[in-house]
């Protein structure tokens, strides 16, 4: 029964996204070689916000939904080794709205999650670090931190 709820909600999310989504963002369910759509895994792209050190980057993110969605949040992952204070070395994003014990609410949409992650890129939360490297540079060497962010943004150009 729960999987029916999850898939139904994700089908609605997909329909809503296709009608209206923020410029530069991509979010689509995984499609198999045979054309089947897997609503439980979405491949997304988050653009770096204009006017920030992240501008120009288009960052790939995968959202993994469980059968308990929307009671439980999706797991959101950048590529392994992604540089950011609130991204674990595995690529998993550490954000309050993705924490089922803290900020998650079933009403939160895919669009809200992706925009929240875009905001997090330029405004890290030093109170909730997930990787030592990004955290230390952000806190102790802002010039080097900005350099690393700009370099990473160049590593993820637009795919057009």
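Backbone N, Cα and C define each Cβ position, glycine as well.
Per Swiss-Prot, N-acetylalanine is recorded for 2, and the stated evidence type is similarity to another entry.
What Swiss-Prot lists as domain 'UBC core' is 5-158.
Per Swiss-Prot, the feature active site, glycyl thioester intermediate maps to 94. According to its DSSP assignment, residue 94 (active site, glycyl thioester intermediate) is coil. Cβ neighbours within 10 Å of residue 94 (active site, glycyl thioester intermediate), excluding its own Cβ and spanning all shown chains: 19.
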